[in-house]
Structures are given as structure tokens and as C-alpha cells.
Amino acid sequence: MREPSVAVRETAAEHLEERQTDWAYSKPVVVLDVLWNLAFVAVAAAVLAASLGERPAVPLRVWLAGYVLQCFLHVLCVTVEYRRRRRDADQEGAGDGDFKLSIVKHLESANTMFSFIWWIMGFYWVSAGGQALSHDAPQLYWLSIVFLAFDVFFVVFCVALACVIGIAVCCCLPCIIAILYAVTDQEGASEEDINNLSKFKFRTMGDHDKLVAGIAAPVGGVMTECGTNPPVEHILSAEDAECCICLCPYEDGAELRELPCNHHFHCSCIDKWLHINATCPLCKFNIVKSNLGREEV
């Protein structure tokens, strides 16, 4: 059985991946992506036109033309996918949506593989040409160097960002939740839905309390529901007496929130998560649908 903290972080990673896809195809990002690639195309076209008199020993013009082609293909894929997403958002259940999505994904994958192979060929040609290229074809040479260097920088940046996000999800999940809570639309549970959930106070149990209660097993503490008379209490084992989101043990007097699926967390941790995603980070139980079901009954 997986550790609860691992399950929570897997759920958070899935949520981040969904958010990443939504951000990648948001209007500002798509416009910036298209303009950026068209700028590469314009610069390449200008240099190719200005360097007609250059005679490189290796086919740099062919490589730059291939680079322009992959930029056009990327712009085409991004534009088609963006329009498909907008159409699906406006009109649910488009008939050919899945078919177009499959074509775009295959085309984008093929373009990515072509870009990788084309980069290797460009690096080989520039290396094989050596310093002679800077004299025989300086404009083509330096433009190829810039394009190759930019691709390396972009890959390194993406890998570094993925590593930072992965480390943050594993080691500092509350920070990720706080950032998502601050910068994203609140598409999860409403404040009313969250306030309807049971709230508890945590109390540690000393040796005397365990002796009075007749408990011999290791106990982490007691959850006492707020606003109930007589008080509703749950005894937590030492393993359960910690928040799976922040990985901190419950301290005496800590406020806890229990979901309908009986999973509990710090109020400060789970409330922000539920504002972003209305499901339990452990079992993915949807608290909004649960509330709707109880109201219908």
C-alpha cells in the first residue's frame, strides 16, 4: 500500500500537469509562442536573403530552411490545438475533436523528433565547417550558432524547471498549493462547501490520559469536533496524527478539517487545496458532488 504522503503528491503532480496544459494553450501563451516562432522565421528569411553571395562549405542554407519549416509546423500545431480547445469550450462534444487531436499530437511528436535530429545535423555541419565558415559565410554561420544555442538554452531551462517543480512537489507541497491558490482561478469548492465540512481540534494524549482511557497502543492524539454537544472524538494513531500535505505532525490545539471520506488535514493546508481542486488529495473524493447528493436526498 502506498504511503498517504506519496498519494497526495501524485495527485498534486497530476493536477499540476492539467494546469500546465491549460496554461500552455491559454491565449497569452499561444500568442507569445506564435510571435516568437514567426520572429525566428522572419530573421532567418532576412539573413538568407542578405547572404546570397556567401558560399559555405556545408549546407547551412538547407539547415536554416529546415529550421524555418519546423517553426511553421509548430505554429500550425499550436494554432489548430488552440482553436480546437476554444471550440470544445464553447460547444461541448465536437464530433471530430478526438480525430483532430490525434492528428495534431502525431504531427507535433513528429516535429519534435525532426527538431532533435535536425539540431544534431546542424551541430555536425557547423562543427565540420570549423572557423572557415566565419570567413566564407559569416551571416549564415552566426545565425546557425544563435539558433543552436537557443535550442540548448530552452532544453536546459525546461529540464531545470521540471526538476525544480518535482523537488517542490516532493519537499514543499504547501508552497505549490499556495502559489496555485494565488495565481489560478478558483475552480474548486466554494467557501460555503468548505465551511460545511467538519472541523476538529487536535489534542495530544499524555501517559496519564492513555491510562485513564485504557489505551495501550501507541496513540498520536484525539480529534474533537468543534461545535458539537456531546463532543465527537476520534482517537488517532501515531501514524495518522500528521498532515499528509505538509508532512508535519499535528500539534496540540491544531485545527483540522475532516472530509466526508474520513481523511483529515490541517485546515490551512486542505482549505487552499479545495479552493483549487474540490477532491480529496488522497482518494479523489469530490466534496461538491457529495454535497449535491445530500441536498437532493
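Even glycines carry a Cβ here, placed using N, Cα and C.
As annotated by TrEMBL, transmembrane segment applies to 29-50 (among others).
Look at TrEMBL and you will find 62-82 (among others) tagged as transmembrane segment.
Annotation source TrEMBL lists transmembrane segment at 110-128 (among others).
If one looks beyond the transmembrane segment (140-159) by at least 6 residues along the same chain, the residues whose Cβ comes under 8 Å of a Cβ in the stretch are 40, 43-44, 47-48, 51, 54, 56, 60-61, 63-64, 67, 115, 119, 122-123, 125-126, 129, 133-134. Per TrEMBL, the feature transmembrane segment maps to 140-159 (among others).
The annotation transmembrane segment is assigned in TrEMBL to 164-183 (among others).
Averaged across the domain 'RING-type' (243-284), pLDDT in this predicted model comes to 87. Residues or ranges marked as domain 'RING-type' in TrEMBL: 243-284.
As a summary of secondary structure, the domain 'RING-type' (243-284) carries 10 helix, 9 strand, 23 coil according to DSSP.
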